[in-house]
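Report on one structure; see the data block that follows.
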Amino acid sequence: MMFRGNSMQSEIIIEEVLLKRSQQKKKISPVNYKERLFVFTQRSLSYYDYDKEKRGNRKGSVDVKKIRCVETVDIEEQTPVERQYPFQIVYKDGLLYIYGTNEDSRRQWLEALQKEIKNNPYLLNKYHPGFFTNGKFLCCNQSCKTAPGCAIWELYNSLHSPSNVSKRLPGNLKLNRPSLPPIPGEAKSPLRIAVAEYDYQPQGQSGISLMKNHKYYILAEKDSDLWRVRDADGNEGDVPRTHLRERFETASETRKETGSCENDSPEKETPEDYEWFAGDITRAQSEQLLRQKGKEGAFMVRKSSQAGKYTMSVLSLAVENKNGTVKHYHVHSNSENKVYLAHNHCFDSLPKLITYHQHNSAGILTRLRHPVSTKLKKVPSSAALGNGLWELRRTDIVLLKELGSGQFGEVQLGKWKGEYDVAVKTIRESSMSEEEFLEEAEIMMKLNHPKLVRLYGVCTEKYPIYIVTEYMANGSLLSYLKDHGKELQPFQLLQMCHNVCAAMEFLEHHQFIHRDLAARNCLVDSDSTVKVSDFGMARYVLDDQYVSSVGTKFPVKWSAPEVFHYSNFSSKSDVWAFGILMWEVFSLGKHPYELYDNAQVVEKISQGFRLYRPHLSSETIYEIMYSCWHEIPEQRPTFHQLLSQIESFQNDEQP
Ligand code: ADP
C-alpha cells in the first residue's frame, strides 16, 4: 500500500516493510538485519516495529532536510536473495542501509527520496558505492564512516537542475510484498532472479502462473523459449521466457569512468586487443572452452551471428550440474552507440562494460573472473600433450575452425585443454587404413625434430578419428608461396629449402621415408619457418587414385622414375621429390610441368627431360635441385650431403 499527497507535510509519500541493516554505531556491534515498516513523508523517513500487520513503536527517524545522498549500494557476490536491492541514505548524522524488496521497490524508494531531497543544502557530489562493513568502506578501504566519497554521485548535478521534474510515482506498491524464500542449500550461490513483466496463466501441467512485477528464481533454461522457475511459495514450473525479465542491479557503474576506487588498467583500442576476445567462434565452442577452463566466472566475448554485434559468455559452477552453467548475454547498443547488457547500465565501449562486470556481477550469472583466451598459444616444444601417451582425451580438445581439407577429411584448428593451439585432422570413416596407421603412430610421435610438424597424439575411440598435430599459423607452403612469394628474397627461399632439407636429413637418418614430399605437404609457421608434415602418411591413404601410380591423383610429378614404374620408395625417391619442392619454392608455387599431364611427364622424364631453371634460382641452386633428378637413385645426393651444400652456399652468399 502506498499513499501519495503533497498538500500536507505529514502525508505519507510511500511506505513499505523493508529490511534495515543495523547501523553499527559502535565499532564492535554486530551487523544484523531487521524488518521495519518504513514510512516516508515530506518531513521525515521514519521506521517502526512491525508486527502482526500493525505499526509498532517508532525505532528511528531521519529528518529529510538532513539527507545528503540517496543511492544504491553495490552488493557482494554471495548476497542472499532478500538483500539484493540495497540503497543508502547518507544524512548529517549517519548512514542508513535499507533493502528494497525487489528492483521496482528500490527504484520507487530512490525516486521518491531523491525527489524530496533535491533542494537540500549540502548534497554530496561524491559517495561510497560499497558498504561500510567491519570498520571500512568496501569500495575504497577508508576507515572513517564520514570519509569523503570515492565515486562521483552522478545524480548530484541533475538534482540541482531546475529541469528535474520528478516522475509520477506508480500507485501500486504493495505493503510487505513477500520476499522469495531462499532455496535450501543454494542460498550462497549467485542465484538468478527474474521479474515477471506480464501476468501468465499456465497452459499445461508443467507450467505455473506468473504475476506481473513478482520475482521468481530461474532454475534452468529448458530451451530458448522456456525457463523453469520457482515462485515465492516454492511452486516450480515452466514459463515462457518472454514473460520474464532477468533482474539486473542498478549499482552505479559510472564510477569506473569517473573516480574509481580501483585502478583500472589503461584502455586498449579495440576488443581484439583483449585476452577475453574470442572473435568468430560459435556458441557451442565457447561453451566447450569455458567448461574446459572449469573455473567460476570463466568468460569470453565473441562475435554474434548478427553482424557487428557481440555476445558475452560466462561460466558458473555454482548452479545446476557439476559441469556448470554457461550463459550467453547479447551485448546491445543504443542510439547513442553505448553498449549494455541491461539498458540501465550503458557504457562507452565493450572493454568498459567488461571491466565493470569484472567487479560487479550486477545481474549476470557471476562476476567475470577468468578471461578465456583463444589467442594463439603454441604448445611448448618440449611438451608432450598426453604425458607421453599417444591417445589423447577427445574432451580436452575443442575444434575452433576449419583450416583446410585433406586426403582423409577436414583439418581444424583446435584448443587443447582450453589453452594450446593444435591442428586436428579429422579422419572420415574408411578414408584411411587406420589400424596400420595406429600401429605406427607411436613411432611417428617419437620423430621429434624442430623442422618436422609435431604429431602430438590421436583420439581413436570413435569416428571421426583425430590426428592431433602442431598448429602452423601460415598454412601450407604451397599457398604461402603463391600468396606471399613475391615478398620473399631468394635467400629466404633458400632458407625454406634448408628447413625442409634439415627435416628430411633427420628422417633419412632414422630410415624413415616420407613418400609424399611436396610444397603442399609442408607448412609454414608464424615466423615463416617451414616444417615438413604428413611424413609417412601416404601409406595409409585408402584411395586407389592416389596411391597407385596409374591413379589420376598419384603425385607423378614429384615421383622418381623407380616410383612411378615400380613403386620403389626410398630416401632417394624422397630426394627426387625434394628437388621438385626446391623448384616449387623458386618458382613461387608454380605447378611443375604445367603443360603436361601425368602420362606425358612419365614419358618426358623417361626420355631424360627435366624441369627448367626457375628465374629466381641461381645456376648453383639449380645445380643442387638438378642433382636430385638423377635417373639412378644411388647417383642422387643424400639429404645429409644436400644440407651441407645448401649451408655452404648460404655461408658463401651471405656477407
Ligand atoms: P592431407 O595431407 O590429408 O591432404 P593436409 O595436411 O594437406 O591434408 O591439410 C589440408 C590443409 O589444411 C593444408 O593445406 C593446410 O592449409 C591445412 N593444415 C593442415 N595441417 C595444418 C597444421 N598443422 N596447421 C595449420 N594448417 C594445417
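Cβ coordinates come from backbone N, Cα and C, glycine included.
Caution: TrEMBL annotation is automatic and unverified by curators.
Now, the feature entries from TrEMBL:
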type: BINDING; residues: K425; note: ATP binding site
type: DOMAIN; residues: 11-118; note: domain 'PH'
type: DOMAIN; residues: 189-249; note: domain 'SH3'
type: DOMAIN; residues: 276-372; note: domain 'SH2'
type: DOMAIN; residues: 397-655; note: domain 'Protein kinase'
type: REGION; residues: 248-271; note: region 'Disordered'
K425 (ATP binding site): tally of other CB atoms within 10 A of its CB: 26
Three-state secondary structure, the residue listed as 'ATP binding site' (per DSSP): strand
DSSP-assigned states of the domain 'PH' (11-118) in counts, ordered helix, strand, coil: 21 helix, 55 strand, 32 coil
Averaged pLDDT score, the domain 'SH2' (276-372): 85
Helix, strand and coil counts within the domain 'SH3' (189-249) (DSSP): 3 helix, 27 strand, 31 coil
For the domain 'SH2' (276-372), residues assigned helix / strand / coil by DSSP: 21 helix, 31 strand, 45 coil
